[in-house]
Amino acid sequence: KVYGRCELAAAMKRLGLDNFRGYSLGNWVCAAKFESNFNTHATNRNTDGSTDYGILQINSRWWCNDGRTPGSRNLCNIPCSALLSSDTIASVNCAKKIVSDGNGMNAWVAWRKRCKGTDVNAWTRGCRL
């Protein structure tokens with residue numbers, strides 16, 4: 001599923017991401033835009049053999065099990081395929097673990113490069129939330 005900006009903001013808010021660990025909803029919507037272009041089915045292979053999955057491009061080396069990443073830690077205790085679900089519940093629940101892990105949203109390269117230090121509130125502006 002490819003979400004609309006406000007549609008995703010509403011879904012993320014409903015799932016408790018607004019101000020989770022101090023990150024406003026705009027941060028999450030911005031991260032999703034630049035990680036997956038709001039597409040829940042996005043997958044991208046990395047040079048180390050791991051793969052990033054779903055709307056927040058969660059990595060199989062650390063966070064989920066895809067059955068083909070050597071030494072996968074699966075810290076979210078889920079199959080990576082769950083991260084491709086159109087309802088985003090698994091992605092959001094795993095993202096909460098990731099952002100609580102010590103590096104905050106810096107765990108997402110796209111957030112660090114494209115969202116951090118910008119006016120992320122623009123990502124939720126005009127949305128009925």
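Just so you know, glycine gets a Cβ as well, placed from its N, Cα and C.
According to Swiss-Prot, the protein has these features:
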- 1-129: domain 'C-type lysozyme' (DOMAIN)
- Cys6-Cys127: disulfide bond (DISULFID)
- Cys30-Cys115: disulfide bond (DISULFID)
- Glu35: active site (ACT_SITE)
- Asp52: active site (ACT_SITE)
- Cys64-Cys80: disulfide bond (DISULFID)
- Cys76-Cys94: disulfide bond (DISULFID)
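Under 8 Å, Cβ to Cβ, and six or more positions away along its own chain, Cys76 (disulfide bond) finds Ile58, Trp63, Cys64, Ala90, Asn93, Cys94, Lys97, Ile98. Under a cutoff of 8 A between CB atoms, and with a sequence separation of 6+ in the same chain, the neighbours of Glu35 (active site) are Ala42, Asp52, Ile55, Leu56, Gln57, Trp108, Ala110, Trp111. Rounded to a whole number, the distance between the Cα atoms of Cys127 (disulfide bond) and Cys80 (disulfide bond) is 30 Å.
Ranking the disulfide-bonded residues Cys6, Cys80, Cys115, Cys127 by C-beta neighbours within 10 Å puts Cys80 at the top. For the domain 'C-type lysozyme' (1-129), the number of residues in each DSSP class (helix H, G, I; strand E, B; coil) is 53 helix, 14 strand, 62 coil.
Cβ neighbours of Cys30 (disulfide bond) (same chain, under 8 Å, six or more residues apart in sequence): Trp111, Arg114, Cys115, Thr118, Val120, Trp123.
When each of the disulfide-bonded residues Cys64, Cys94 is scored by how many other Cβ atoms sit within 10 Å of its Cβ, Cys94 comes out lowest. Within 10 Å of the C-beta of Asp52 (active site) there are 23 other C-beta atoms, taking all protein chains into account.
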